[in-house]
Amino acid sequence: MVNKSNSLDELLKQIKITEIIQHYGVKIQTKGNSLLALCPFHDDKNPSMSISSSKNIFKCWACNAAGNGIAFIQKHDQLDWKTALKKAIEICGIKLENWNSNLLTKVDPKQKRYWEINNALITYYQTRLKRETNPNGMNYLVEKRKLNKTLIEQFQLGLAFHNEDKYLCESMERYPFINPKIKPSELYLFSKTNQQGLGFFDFNTKKATFQNQIMIPIHDFNGNPVGFSARSVDNINKLKYKNSADHEFFKKGELLFNFHRLNKNLNQLFIVEGYFDVFTLTNSKFEAVALMGLALNDVQIKAIKAHFKELQTLVLALDNDASGQNAVFSLIEKLNNNNFIVEIVQWEHNYKDWDELYLNKGSEQVILQANKRQNLIEYLVSFFKKQQLDQRVITNKIIAFLTKNQTILNDHSFLIFLIKNLVKLLEYSDEKTLYETVLKHKEKLVSKFDNNRFYINTSGHAQPPQELQKTTAALVQTAFEEAVNELWKPEIFAFALIDKRFLVELKQSHLDEVFKECNFNLFDVELFIEKARIYWSENQTANWVGFESVLDQNYLLNNKARLLEIKDIFLDELTCYQANDFQNYLKTFQTLLKQQKQRLKNLKLTL
């Protein structure tokens with residue numbers, strides 16, 4: 001009989017950091033006794049990530065990403081610790097029968113303790129706020145900052161007293177809802193001799209880190225409390241804001257304030273700079289996150305993509321000052337390169353930020369201002385015009401900027417949109433030259449079509465302006481045909497044969513309507529659905545032979561290529577599909593169909 005181990009430490013030793021890193025396609029180089037690699041968590045040109053096989057950890061000396069194999073997976077895939085542990089076990093091929101199953105339900109004990117103490121501190125500071133009667137407490141938030149008590153409670157705002165030196169450690173030692181009890185050393189500053197310290201109290205000076213400040217809790221993407229930002233409420237503190245000390249579980253630059261509270265199915269997301277900007281927009285019914293600075297990194301972008309599957313538009317709403325507006329362009333560039341549709345708030349007031357606008361003009365003006373926005377091309381034209389550049393230079397810059405996005409390069413309908421908008425916004429009279437400029441930046445796209453489709457004459461130049469309408473119409477028609485072909489998703493049909501609930505539920509998402517409209521070459525979708533219904537009426541369990549038995553020879557011959565694609569996915573997925581995965585797959589397919597329907601609709605409007 002196998003003795004099953006209960007030791008989490010022993011299990012973690014089996015998760016080899018080199019196996020994890022190589023699984024993600026990162027090449028490890030050997031230099032002397034060192035293992036180095038290009039760090040996948042930032043734009044690394046020279047190997048800056050060091051790997052220790054003996055300690056089973058990695059460390060990037062450029063971006064400070066560090067940890068064991070689980071930490072690597074968490075950061076790379078934006079997963080919680082427990083899910084990352086399960087994935088690490090799969091990657092390393094660890095046999096679960098040798099380990100007690102309860103290990104897989106645990107979270108990192110050190111991380112869990114960190115969350116628990118931060119949660120206790122949230123409660124402590126909230127209680128302080130409710131009890132404080134001087135102007136620096138609730139009166140400051142309600143009277144001076146005009147926050148209602150519902151908002152204060154929603155964001156778990158608290159207060160650090162002016163005399164926390166005396167009360168903090170003693171009060172937290174007595175905190176009843178945590179086991180084991182909090183030790184003062186856990187609140188002390190981090191040091192080599194006190195590596196568990198969270199930095200709330202300086203043992204040497206006997207001073208609390210936060211005093212006479214509004215305490216704003218910060219959470220990770222999963223909603224776990226990981227730190228605080230403290231807003232000064234007097235003139236004693238030299239810094240307006242002070243943050244919790246950086247920690248392996250708290251990297252402020254990799255988080256987005258308010259992220260965890262938002263609806264996963266939102267369509268529009270505002271990005272602002274500060275906490276009070278989030279409070280203001282939330283009060284006006286807009287969903288917003290704060291950068292807590294001016295930068296946006298790959299970790300944050302991955303989190304947005306992974307969490308908000310229905311997101312259609314990111315609205316950049318940074319402060320109306322030089323630093324905020326100077327940061328907008330670089331953020332647009334990064335978001336554009338990551339395939340986001342971006343809009344930019346066009347400030348029409350002289351107030352510095354959303355909070356200042358709200359305090360002076362109220363919620364109604366906040367709502368009006370939030371809806372004054374430029375699309376990407378409008379912003380770029382305005383941005384480059386302010387630099388007093390020549391019209392042709394502006395055109396080249398805009399086209400070069402946009403075509404860095406691979407999605408745009410492949411989106412033929414956007415070519416038409418680009419030409420029309422630039423002609424309008426730049427009051428461009430020389431359409432011929434503009435069109436040639438677009439073609440120059442779209443060489444890869446041009447090569448896909450013959451001269452007849454592009455109406456290019458034998459000299460290699462685009463036809464004159466009067467022919468532009470014909471040319472663009474041909475491009476749009478081609479774009480529509482190709483988009484229709486791209487709508488082909490064999491996995492949807494495969495899963496409709498694996499679990500009959502997909503056939504029923506996806507009908508509600510207009511499965512018939514979408515695919516009938518596409519008229520795929522060599523594949524009769526309507527007949528497939530009809531055959532799938534017959535198949536399920538005759539079979540209790542999924543099997544490919546059962547499906548083929550309801551098909552006639554003509555259908556098999558005429559749809560051979562498409563059916564082979566479906567069959568391959570069917571056979572691959574059937575062995576690992578579980579009935580309780582149904583809702584997750586269904587949501588994915590419904591979202592996909594919704595997006596594809598919208599794409600077809602947009603293309604039709606252009607025709």
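Every residue number used here counts from 1 along the chain in the order it is shown.
Note: Cβ is positioned from N, Cα and C throughout, glycine not excepted.
Swiss-Prot has this to say about the protein:
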BINDING   Glu273, Asp319  Mg(2+) 1 binding site
BINDING   Asp319, Asp321  Mg(2+) 2 binding site
DOMAIN    267-350  domain 'Toprim'
ZN_FING   39-63  zinc finger
By the count of other Cβ atoms within 10 Å, pick out the sparsest of the binding-site residues Glu273, Asp319, Asp321.
Asp321
DSSP helix, strand and coil counts for the domain 'Toprim' (267-350)?
35 helix, 16 strand, 33 coil
Provide, as an integer number of angstrom, the distance between the C-alpha atoms of Glu273 (Mg(2+) 1 binding site) and Asp321 (Mg(2+) 2 binding site).
11
Summarise the model's confidence over the domain 'Toprim' (267-350) as a mean pLDDT value.
92
